[in-house]
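Enquirer: What TrEMBL lists as Zn(2+) binding site is CYS107, ASP109, HIS160, CYS163.
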Amino acid sequence: MSKKTTPTCNCLQHLLPLDSQEKPVRLSRRKLLSAGLMAGMAGGLGIVSPSPAHAQTTLTPEQALEKLRQGNERFARRAITSFQEDLDILQRRTAGKQEPFAAALACADSRMPVELVFDQSIGKLFVARVAGNIATPAIIASLEYGAAILGIKALVVLGHVDCGAIKAAAANAGAPGQISALYPYIRPAINASSSTDITEMVRQNAINQARLLRSASPVLAKLSDDGALRILPALYDVADGRVSWL
């Protein structure tokens with residue numbers, strides 16, 4: 001029987017919630033250069049003001065969320081409308097530009113097709129997916145692009161019932177390769193849960209990752225504070241197709 005060990009991921013700790021950190025992390029030259037690049041983008045591209053060349057939506061954050069809510073209601077009723085258009089027309093319309101009105105940070109689970117879940121067609125959603133729907137540096141960078149450059153108005157952190165990443169982290173299961181690198185991001189939700197119920201942990205993880213997006217990203221935080229972006233956690237039920245807003 002192999003001995004279980006607690007995985008560490010020191011290279012990511014500066015973006016983790018405080019209760020998952022164990023010691024300070026020294027920033028490498030590459031990280032400092034990356035930070036400088038983001039600062040340059042903030043000044044040179046007007047990072048907190050979406051580029052008119054990309055940002056096409058006229059929706060408010062509340063209207064964007066309502067559009068997602070209505071889309072999920074249609075999906076749950078098996079009455080989707082967005083994929084009835086001819087695929088060739090959709091591809092021609094989006095070949096030269098994208099104009100998403102919302103973004104999602106979703107789990108990589110194959111049972112959660114985000115565009116279908118919200119009944120949205122090609123080019124309407126900016127989606128970042130990773131097991132456990134965790135806010136890693138690369139994910140945050142992608143969502144900053146969606147918010148600051150493409151002008152999305154709503155950002156949904158979408159967890160789902162029966163999440164394998166949450167189960168593995170809760171069991172502290174040994175795993176090959178890099179799978180255990182997910183655990184430090186998820187463990188705060190496990191520690192905060194009042195029971196061993198996986199669904200409760202999934203809910204808490206979605207809430208935690210939504211908070212982490214704000215705390216780790218001045219770009220997203222400012223857009224949110226200015227009323228230009230809503231960041232909201234949610235839970236998708238793989239059995240009935242419904243999204244619960246947390």
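Using the three backbone atoms N, Cα and C, a Cβ is placed for every residue, glycine included.
Please treat TrEMBL annotations as automatic predictions, because they have not gone through curation.
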Enquirer: Within 8 Å of the centroid of the Cβ atoms of CYS107, ASP109, HIS160, CYS163, which other residues of that chain place their own Cβ, given that this set defines the recorded Zn(2+) site?
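Expert: My list of surrounding residues reads ALA106, ALA108, ARG111, MET112, ALA131, GLY132, ASN133, GLY159, VAL161, ASP162, GLY164, ALA165, ILE166, VAL202, TYR236, VAL238.
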Enquirer: Please report the number of other Cβ atoms within 10 Å of the Cβ of HIS160 (Zn(2+) binding site).
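Expert: That number is 23.
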Enquirer: Helix, strand or coil: which one is ASP109 (Zn(2+) binding site) in, per DSSP?
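Expert: SS state of ASP109 (Zn(2+) binding site) = coil.
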